[in-house]
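Report on the following structure.
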Amino acid sequence: MGRMIQRLLICLLIILKELNTLEADCSCTSTSRCTCIGMGLTSIPQTLPTSISHLELTRNQITKANELLRYRNLVYVTLRENRIRNLDPFPHLPLLTSLSIEFNQITKIHSATTDVACQKSDVNNLRKLLEDHFSTNRHHVTNPAGKTAAKKFVSDTFRSYGLITWEWNFQGENKYTGTNIFAMWPGRNTGTGLDRPICLTADLDTDKNRPGRDDNGSGMAAVLEAARLITSETCIQDNTIFFAIFDFEEPTAGPDGACAAGACGSKEFNDYVVQPYLAITKVDPDQWSGIITLDSILNYNSSAMAQQIPQEDLFKEAPGLTNLYQSIKANDQKGDFIAVLYRTEGDYTLHSKFDKQWTAEGNPQYKILSGGIPYKNITDIIDAQEGKYWQLYKYLLEHDVYSFWKKNVDIPAITVSDSGDPRQREKPWGEVRPGDNMELTPDRLQFLKKTTDVVTEVIRDMAGTRQQCRDPTSEAPSGFSSGLSLSGELTLDPGKTETFTLKVSSFTSTGIVKATLSGPSWTLDFEGVGGSSLALPVILSLASGILVTALTAWCIVKRRSGYEGSEHPVDTSKRLWNEWSKRMTLKLLTTAVAILMTATTEVTCQKSDVNNLRKLLEDHFSTNRHHVTNPAGKTAAKKFVSDTFRSQYGLITWEWNFQGENKVLALPVILSLAGGILVTALTAWCIVKRRRGYEGVQKPLLGNEGKP
């Protein structure tokens with residue numbers, strides 16, 4: 001038996017030697033040049049010197065060219081007269097300048113793609129964020145400097161990740177000014193009726209005499225870490241992602257109070273970001289992917305009786321909290337879980353994704369317990385002080401999530417927390433002072449890490465993040481990564497022609513473009529995120545000239561002229577359009593430029609459908625549409641056109657009213673552009689400028705009661 005095995009091994013060695021003979025016979029005149037001509041090779045040899053720069057593989061039977069990736073120094077490759085059918089790009093051969101592939105059997109050439117391995121959060125990074133930036137008290141009276149430092153760090157970090165970022169000042173009580181920091185990561189559907197935004201939030205401020213680590217430095221650390229992970233991905237997602245840090249979340253009354261009811265920053269965000277965005281896109285609120293609020297997510301305490309139960313006699317029987325109560329009691333009231341509160345009607349899908357991802361993430365010692373409130377209008381119940389349990393619900397829910405449920409009952413929103421005060425820590429909460437920060441034990445950091453990883457994965461999923469996509473750096477023209485310049489002249493004021501220039505300064509693998517827009521006497525730097533199908537009209541304008549660049553620059557100059565030497569107004573539409581239109585217009589202009597480089601695909605041009613044309617004529621466009629003889633028919637046709645543009649095709653759409661003769665308000669055209677917020681914001685602002693001369697305009701452009 002042993003002799004037989006020996007013979008088999010000898011035969012195997014002989015076979016292996018024969019198989020390797022072809023590679024060994026390749027002629028390599030040096031470590032930089034190899035020739036393997038007419039040798040019957042079925043694959044590219046993998047035993048040649050990795051330093052080679054020239055490789056000749058003519059007249060073989062090679063079927064795949066992607067095995068060249070081993071030889072990163074290749075400059076010249078010949079693959080003539082082989083059997084290659086599919087040709088993949090070579091993004092990992094940065095020096096390759098000559099590729100000869102004549103007389104093969106190529107039927108398909110693939111565009112450059114990149115595979116995305118979803119990263120997880122870094123526990124050391126979370127620790128550093130907490131220790132270095134989010135441990136101090138951040139109250140507007142007891143430590144305004146600490147609060148300012150934290151705000152600046154959040155804002156600078158968002159910008160360093162390439163996020164479109166705003167610092168949004170608003171007026172609190174007793175003349176205290178709050179600041180929200182929010183950031184936007186645009187997707188393919190941004191600004192269109194197809195967008196399904198997802199938002200991750202935490203709050204900035206602390207109570208007057210509390211430390212800042214758990215409440216809510218932990219939430220801010222998770223938001224920043226999630227932002228880092230998501231903006232590190234090459235593949236652009238479908239939907240808009242918002243990150244937001246809210247000021248004045250803590251209720252503070254009295255002469256030093258800035259927000260007696262609490263959650264003032266989230267109310268501001270809802271009024272001046274969420275609601276205008278809903279108005280712009282015409283997306284139904286229940287079609288949003290949702291809002292996740294993080295409020296104290298560090299305190300893991302596996303000791304028995306570490307979890308107190310507020311108003312226990314009511315808690316154990318309150319609708320939506322009974323199962324949560326029973327689970328806590330069955331687990332000896334250990335504080336070893338993350339608590340999620342949601343409404344069973346409206347928030348179920350968002351909560352279900354969070355719950356499933358928590359289980360999938362592993363580490364089962366870190367548990368999840370949820371309370372499903374059966375009242376979609378729970379905020380109305382609390383405000384009216386109805387029923388037996390309203391005070392308990394108020395205690396549990398009157399935080400940032402309350403703002404979203406109250407303002408728009410249909411937007412999905414959940415709150416994620418370690419429960420805050422009811423969970424024991426090193427000192428009783430009543431004795432805690434600003435210097436008494438929670439200890440960063442391994443369990444607490446892993447608990448925070450798991451929460452961060454779960455919310456990151458939920459955001460990726462609901463935003464429609466792809467695992468494979470084209471690599472923008474490999475598809476961009478060689479001059480685009482630095483130095484691409486567009487310039488031109490435009491006359492917007494009578495007798496005054498000015499030159500404007502847009503110059504790209506950098507372009508990264510994640511699609512972030514940084515550029516400079518300049519006019520005769522000013523320069524503005526800004527950034528955007530690239531991806532396919534974000535701003536087609538801007539692409540077309542940029543491709544044919546500088547119209548959009550110059551128009552944008554002109555509008556910016558016009559807007560800025562009213563604010564010379566003064567603070568921006570705090571309230572209503574001036575602030576909205578200064579912050580929203582000016583900054584977003586600038587930054588998404590570069591987004592559009594980036595798309596020029598990444599939007600390549602194989603397209604089969606469709607033809608019109610005669611049955612569809614017949615149906616349009618018969619069902620919608622056969623009646624009289626005169627403003628006197630049939631105004632109802634005219635209105636119905638307008639509505640159908642607008643709804644079709646917006647809802648079915650995902651086009652950014654405006655209904656533009658203007659004053660005709662005899663006080664007739666006409667609608668000559670419905671403007672529709674397949675694009676992003678750049679054109680939306682710019683056009684909307686220009687509408688406001690044009691409409692100032694029309695008396696009797698009944699409602700503002702984007703909102704009710706004079707608010708944008």
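Note: Cβ is positioned from N, Cα and C throughout, glycine not excepted.
The feature compositional bias 'Basic and acidic residues' is assigned by TrEMBL to 420-436. The feature domain 'Peptidase M28' is assigned by TrEMBL to 180-305. According to TrEMBL, the feature region 'Disordered' maps to 417-437. Per TrEMBL, the feature signal peptide maps to 1-24. Sequence annotations record features per position, and here TrEMBL assigns transmembrane segment to 534-557, 584-601, 665-688.
Secondary structure counts, DSSP: the region 'Disordered' (417-437) has 3 helix, 2 strand, 16 coil. Restricting the average to the domain 'Peptidase M28' (180-305) gives a pLDDT of 94.
Per DSSP, the secondary structure of the domain 'Peptidase M28' (180-305) breaks down as 40 helix, 26 strand, 60 coil.
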